[in-house]
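Below you'll find the structure, written out as structure tokens, and then a few comments.
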Amino acid sequence: MELIVPTHEGFCSFHSTLTSKRLSGCHNKRSSVKVLVRQNKVFAISRSETLGRLSSVDKRPHVVENFEEFESNNYLRRLVRNGELEESFKHLESMVYGGDIPDIIPCTSLIRGFCRIGQTKKATRVLEILEDSGAVPDVITYNVLISGYCKSGEIDNSLKVLDRMSVAPDVVTYNTILRTLCDSGKLKQAMHVLDRMLHRECYPDVITYTILIEATCKESGVGQAMKLLDEMRSKGCVPDVVTYNVLINGICKEGRLNEAIKFLNNMPSYGCQPNVITHNIILRSMCSTGRWMDAEKLLADMVRKGCSPSVVTFNILINFLCRKGLLGRAIDLLEKMPMYGCTPNSLSYNPLLHAFCKEKKMDRAIEYLEVMVSRGCYPDIVTYNTLLTALCKDGKVDVAVEILNQLSDKGCSPVLITYNTVIDGLSKVGKTELAIELLNEMREKGLQPDIITYSSLVAGLSREGKVDEAIKFFHDLEGLDVRPNAITYNAIMLGLCKARQTDRAIDFLAYMISKGCKPTESTYTILIEGIAYEGLAEEALELLNELCSRGVVKKSSAEQVVVKM
């Protein structure tokens, strides 16, 4: 039964129930009828009849889709849109099992979803189901799967997908694969893929050549890359600013800064204006070679030519000035940034804070931290780690602990190095109890202590004369599959020697060697001093001379030990 009724624009559907005696085998059976409105036409379809016979007044070709299939695809779209990947996959399987043909758009989104969470095998299965259903995936569907494999490092699988594509790959397909091969240092294999691309009459674009030029610069040098640039031009493909930036970066990395500057100046004659990134590449190279005056001139030249400097431009210069100790100039540049429409970020302030800390100007460092916050620029974990390291080195561990406790409230989560810095600082000033509290706190936050954490605690406990507690931590370290290093062993031995337990220290040396940890010069000098400390100066001196003759202990180190004895 079919019914066509003209109606208003839009789409609606409703159910009605009719008694039908015309259908064989369905005497007095009620037949569900769907009425669909599409493009000013109403289609009424009985579920008891053969579906998929939507008629229209005009005879324009359209995709035939029965009602159940239409509803199934709608449900699939909703599931995918809501991120219910597993439910979407089950529904897709059920659809195909029931003979429905899935829509490629939600299936492509489903493939993308599985790839995003690293389930590339499941994504491939979606493609297989799609192909087996009779649907024809388009190039976008294949590109999404190829991109997923490339992002997860499964380049061989992405090439397999390329081989099995039922539609012609486009330039995006090849660029995705070429980028991954080049980033993995597989330039030779990338060139083979380029040959396949040309063989299939898919012509490279500017992105294709730029990817290959960048990889060639890294592997074979700028000379070879220039040949590729010539080939690019000969094929009628015009290089853009990104292409030239890649080449300028390559020239700078080869230490040919003057050539890079010449290339920069010639870019307009090639029909391409340099951008801020081009200038930043040159500036970074100038700063790394100490050419500050040239960098200043280039900045002025940028502004004169209407190329506005970015925050990155200023950060390059500020970082250089701070490393050179020119803090006055760095501050001046920082203050001028708003004049050029640039707002300083944490990377603008961090070099200044680091420089103040290095010069032990902690008051200035904290002052600039406050300035930074007052201007709406919130410090990142690098800022705080810099400050905490300096405070701990300066013995101001209480201030460091106070700052650490405030980090979470400031929306900045401490990382392993943050805790290690403060734990080490506390351990060095005899506050191991507080250091152990921080160890427990970091564990509660899901951070796993490492060899540095434990070595700091072991050394601190040993210095405080709590050798047995230090040894307990040492064994905890072994139980956690963290391999102690020579520093850890030395800390225990030093503690034992100070406690006049040199015999146990010698046993620890034997244990150290049995575990495959090579003793250092410090290991032996600690033991010699320990032997002398117990009143066996002659024996200690004899052992020291023996170790010197074997080259285990340097003469200069031996002289220092003798002075202490």
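Yeah, the Cβs are placed from backbone N, Cα and C, and that goes for glycine too.
Note that TrEMBL annotation is computational and uncurated.
If you look up TrEMBL, you'll see 103-137, 138-168, 170-204, 205-239, 240-274, 275-309, 310-344, 345-379, 380-414, 450-484, 485-519, 520-554 (among others) marked as repeat 'PPR'.
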*Over the span of the repeat 'PPR' (275-309), count residues by DSSP class, listing helix, strand and coil in order.*
26 helix, 0 strand, 9 coil
*Average the per-residue pLDDT over the repeat 'PPR' (275-309) and send me the rounded value.*
93
*Write out how many residues of the repeat 'PPR' (310-344) are helix, how many strand and how many coil, based on DSSP.*
27 helix, 0 strand, 8 coil
*Same chain, outside the repeat 'PPR' (345-379) by at least 6, Cβ under 8 Å from its Cβ: which residues?*
311, 314-315, 318-319, 321-323, 325, 327, 330-331, 334, 337, 386-387, 389-391, 394, 396, 410-412
